[in-house]
Each structure stands twice: as C-alpha cells, then as structure tokens.
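As annotated in TrEMBL:
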| type | residues | note |
| --- | --- | --- |
| BINDING | Leu105, Thr106, Phe133, Pro134, Ser135, Asp136, Asp218, His221, Tyr243, Trp274, Thr302 | pyridoxal 5'-phosphate binding site |
| MOD_RES | Lys244 | N6-(pyridoxal phosphate)lysine |
Amino acid sequence: MIYQNTWAFAQAHDERDELNQFRGEFLIPKHHGEDAIYLCGNSLGLQPRSAKQYIQQQLNAWEDNAVEGWFMGNDPWLSYHKQLIPTLADILGAKHAEVTIMNSLTVNVHLLMVSFYKPSNKRYKILMEAGAFPSDQYAVESQVKFHGFEQADAVIEVKPRDGEVTLRTEDILQQIKDNADELALVMFSGINYYTGQFFDLEAIAKAAHEAGAYAGFDLAHAAGNVPVKLHDWNADFACWCSYKYMNSGPGGISGAFVHEKHFNDTTLDRFAGWWGYRHDKRFLMAPGFQPEVGAEGWNVSTAPVLLLTLHKASLDIFERAGGLKKLRAKSEQLTAYFEFLINGINQKVGDDVYRIITPGNAAERGCQLSVVCKNNARAIFNYLADNGVIGDWREPDVIRLSAVPLYNTFADVYKASECLFKALTAVK
Ligand SMILES: *Cc1c(COP(=O)(O)O)cnc(C)c1O
C-alpha cells in the first residue's frame, strides 16, 4: 500500500474501514470536550459501552436470586465462564479444554510454574528474555529461590547483540541449544512490553522441547493483539491478562492455557483448590483432590463473576468484529501507517528525532510502536498528554504508542503524528 501524509488520506481510509463502526462500542476518554487520541491499549484497553449493562445484569441476578444465582437465571454463574471459552480459545489458538479463566496474571505465572518448573540438580535453569516485564522477573526469581537455587546461576537471560535493541531468533535458539543439558524451562513473553517485539514462539517452543525443557509463554501483550496458535505451536503452558488488548477492565481477570498433552500427566504438581476439582463431584466435598480434566483443573477459587462479566462484554465485541484475523489485518495497516508518518517526521527534520525500536517487520510486532525520543523525551511526552495524545512513558526515553484496531482510527494516528511533529518546536 502507498501511504500519504495527508488528513484526506487518513479520513478516506477510515471511511473504507469496515471495522470503523466498532469504535462506537467503546467509551473514548475526553480531552477538552473532544475525544482524546487514546494510544494506550497496550496498558489498559478502553471500556466497552456495554460493560455497565453486563455488570448491571449480574447485580440484578444477585439481587433477584442471591445464592441461587449459581444455578438459576439466564446464565447461572456456575457455568458462566463457558460462554467465554470459545472466543478466547479462538484468540489464543487453543482447543476449548486447553483454556481456563482465573486469577490475575502473575498469580497464574506462579501456579503454572508449580506444574512446569520442576528443577532437578542437573536440569534447573530457566531461560528468558533480558528485560522481561518486571513482574515476570520477580516471579521467576522467587521461584528459583523457592527451589533452593540462586538467581544468578539459575536464570539465563538472552540479551540483544551489542548496538541492537531487539533479539534475533537465531540467538535465542542458539542459547537454548547451548544450555540444553541444564534447562528446565524456557519462559518468554509473546511480545516484549518495552520494545514491542513479537517473538517466534513456535521456533522457541520447538527448540525448548529439543533441549528437553518445557516452553511457557506470558502473552500479556500478545493476547487479543496478534494471532497466536498455542496448540499448534506446542506451547506447554501460557497465561495472559485481559485488561490490555482485551479491554476487560483494570486488574481484570487473567487466563491460562495448558496443552492437552499434559491433561493426563499425574506427575505434574499443582496447587489445588476446590474450583479445579472434577466438576461432576465438586459438591460431594470429599477429601482427596481429583482435578477436572483440562485447563480448568488448574482453577483454584470460586469464579469472580463480575470480572468474568466485564471480560464477556469485551469478548462479545471481538466476536461481532469477526475475530482476530480481521482485526489483525487492520492493525497491520494502522501500525504501518503510523510508522510511515513517524519516519516522515525524521525525514523532514533530517535527523532521527523519533527512532522506532520496534521491529519494522509486521510479523515481528503487534499494535505497539516504541519510540525513542532523541531530545527532550519527557517534555515531549508531557506535550503529547497536554494535547490529548495518550501514550505511555518508559524510562529513560521511550514513549509507547499503540493503535488498537477495535477503536483507533487512521485519523488518530495522523493527529498523533502531527502532535509529535509540533512537539519538536514547542518543547525546548
Ligand atoms: C502487564 C503484564 C503483567 C502484569 O501482571 P499482573 O499480575 O496483571 O499485574 C505481567 N507480565 C507481563 C509480561 C505484562 O505485560
């Protein structure tokens, strides 16, 4: 596609965009009475307009039925989650039984590591990307300590080459190979939160398995953003949050994937609770834990129905929008257009004032562009915010900007790039 740096081009593109109508299903925050340019779906997705109504329905069910709400009403709480699984399984490329919805993300990282990080004296190391999201670093650090190992010894971080910012797949695979004898687990994020790099998860899972290790993925920045195929790529486990690209509310419920090949493995440890008990016998309240077959066997606690409700409000929009394939097609164009406009600023100025560190190849990124500001980074970020362009800031000089296909427009990225250009002279 040939892009043009004009308002007319951006508008014409929005008019042709068949997903444009879905913007109306979200509540866009205001700036001086006008829609803000919200480019922060990587951190917190916008509220579906329907969310209040979905919540109200469950409050009504609680009011009308009280405890009976678990079993009666239009959608009894006991099976409420089942309505979400097909859409979620589509988004994650999983079989229905491989997906469960529970807890929050870091809690799920821990619970899944209980099952899939089973170090022995010889095979105890975890390989992950350098600069992983801090919560994942802390989770891994505390897990290796819990098993009696030292972080410095047990955690291998794959770093970019000198002078580079993102990782090369060949380097990741080589390090897995080089440490094959000692690796217990390879744990990567799907998309790195800082650079926006989308890793080759299929190749990583394959290399991990060849090394004799498990492969687990944190898809916080990938779920609902880029298509993944957890089942076909043979991931052992994965987890994600729902409040970023899946718009399910601050601190919204998380999800987890366990590959079906592990369903009957009775050697896997797990931290159990009654919500993971086999469903046909859960209410017999008998001693002796017997897990439900499938990912739901990893559940621990009573389903938080109000969080599930918010999740459903958003997933129903994904469903109406025709799923991730359509969204991804628009997303690639939106992001490429944004990249074109930002690079256009550099050309105009004759200097890389805004250097995009996210890979240029569409297959290696999702919605997010991470932009390094050469000068006055923090002041530029503040200028954007003062002018209604909402991105987010990462030390020391990176602004993350994500155009989300469900609610962002070509006009949004056009206006954002205009603002980035004006910031250069407005900020000293
Ligand atoms: C956003 C994010 C988290 C946050 O975890 P919570 O438990 O929901 O606070 C964890 N890991 C990654 C990779 C993230 O991007």
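Numbers here mean position along the shown chain, with the first residue as 1.
Cβ atoms are placed via backbone N, Cα and C, with glycine included.
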Which binding-site residues, if any, among Ser135, Tyr243, Thr302 have a Cβ under 6 Å from ligand 1, given in order along the chain?
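Correct list: Ser135.
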How many other Cβ atoms sit within 10 Å of the Cβ of Leu105 (pyridoxal 5'-phosphate binding site)?
27
Among the binding-site residues Ser135, Thr302, which residue has the largest number of other Cβ atoms within 10 Å of its own Cβ?
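Answer by Cβ density within 10 Å: Ser135.
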To the nearest Å, how far is the Cα of Thr302 (pyridoxal 5'-phosphate binding site) from the Cα of Lys244 (N6-(pyridoxal phosphate)lysine)?
23
What does DSSP call Ser135 (pyridoxal 5'-phosphate binding site) in the simple three-state scheme?
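It is helical.
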How many Å lie between the Cα of Lys244 (N6-(pyridoxal phosphate)lysine) and the Cα of Ser135 (pyridoxal 5'-phosphate binding site)?
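Answer for this pair: 15 Å between alpha carbons.
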Of all the binding-site residues given, Phe133, Tyr243, which residue's CB has the most CB neighbours within 10 A?
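Going through Phe133, Tyr243 one by one, the largest Cβ count within 10 Å is at Tyr243.
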